Structure formats: structure tokens, C-alpha cells
Amino acid sequence: MNENLFASFITPMILGLPLVTLIVLFPSLLFPTPNRLVSNRLVSLQQWMLQLVSKQMMSIHNTKGQTWTLMLMSLILFIGSTNLLGLLPHSFTPTTQLSMNLGMAIPLWAGAVVTGFRNKTKASLAHFLPQGTPTPLIPMLVIIETISLFIQPVALAVRLTANITAGHLLIHLIGGATLALMSISMTTALITFIILILLTILEFAVAMIQAYVFTLLVSLYLHDNT
């Protein structure tokens, strides 16, 4: 069990070619473009959820910030669907890869920061030095604020990676323990199986919550810079 603990996090390959691109593109098939005058229940549910999330998330933004609505809604759909598909047996979850999460976090964070320096140059620079700072502390505070600024995309990526990876590891460990206990004590195995079901339900919630948290933090970074 231990030697296969991280097997689900290995990038799948066929004939030496990684399948990450196909896996990343697959969630887009779950959200088809409606081509009917009257949408079915699934499309209507998707549209209702998107309107609800976009209304809550974008209501704090001005006109310039609201131009990011399509990108942020696409981001939450992609992360949420990828996390949910990763809970299927023998599936690969791209969001468990730190490199991919950094690839999403860094461009979005950089775009928000560049937007702030273009539109609110003085206000963006003022964040590096709070008003009323004593003169001897100015160099130290500038360094601290600079580090805190550059740590934001790393924190975004690490938070998503850690939460999704931890959930997958727990499901793997408890599932293996359930199989091992079946030959020892059926009562204990049943209790462990119930815990596994509850943990799986929790992971479904975590998959959607982490998509919302990731997108919300990007939205807040954008709000601070527009």
C-alpha cells in the first residue's frame, strides 16, 4: 500500500507522451454551448450557479475589474470540474501538481498587479510603505511588503495543491485500511468504510470550496489593484 501511495499523482503517459493536455481539455466537454431556445435542466443549473457566483464575486469590482468576469468564471469552472473529476477511481487530478497551479496563479496575479501599477500607480506603490512609518523602519518594511506581494501566487498554488493532495491521500489510506481490515474484523471494517464514505462526501465539498477560494482570492487581488 505504501509504495503505491503516490501513484495517483504521477502524470499518466502513453508511448512516452504525457496526457496532461488531454486531461486538462476534458472538463470543457462538460459545459457545452447551449444551442436551443429552451435550455435543459443541466444547462439551466450551470447558468444559475454561474450567475449566483458571479454576482457575489464581482459585485465589489468597478467597471475595469468586471472585465475579468469571463476569465474568473472560466477559472472556477475549470478548477471545480477538474477537482470533481479527480475524485473518480483511477483518475488523475491535474490540480495536485504544484507546477500547474503555479501556472494558473502566477499569470493571474501578475495581470492583477500590472493592472494596478498601470491604473493606480501611486496607490500601488503606497502599499509598500504604510503612512506614518518611522524612518528607521522604512527599508525593512519595504522588503517585508515586497516579499508578501511576491508570496501571494505561491500561497495560492500551495493552498490548492495541499488541500487536494491531502484529501486524495486520506481516501487512499482509509480505503486501503478498509480492505486490510475486512479479513480481520468486519465490524471494524464497516466502521472504517462509513468513515470513508463521509470523507468522500467531504472531499466533494472541498473540491468545490477550493475552486471558489482560489478564484475569490484572485478576485480580491484584482480588487486591490483596480
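Placed from the backbone N, Cα and C atoms, the Cβ positions cover glycine too.
Unlike curated records, TrEMBL annotations are generated automatically.
Listed in TrEMBL:
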TRANSMEM  6-31  transmembrane segment
TRANSMEM  67-86  transmembrane segment
TRANSMEM  98-117  transmembrane segment
TRANSMEM  137-158  transmembrane segment
TRANSMEM  164-182  transmembrane segment
TRANSMEM  189-222  transmembrane segment
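Here the transmembrane segment (164-182) has Cβ contacts under 8 Å with residues 1, 5, 8-9, 83, 86, 93, 95-96, 188-189, 192-193, 195-196, 199-200, 202-203, 206-207, 210 of the same chain, all six or more residues outside its ends. Here the transmembrane segment (67-86) has long-range neighbours at 24, 26-28, 30-31, 50, 53-54, 57-58, 61, 92-96, 104, 108, 160, 164, 168, 204, 206-208, 210-212, 214-215, 218-219, 222, meaning same-chain residues at least 6 beyond its ends whose C-beta is under 8 angstroms from one of its own.
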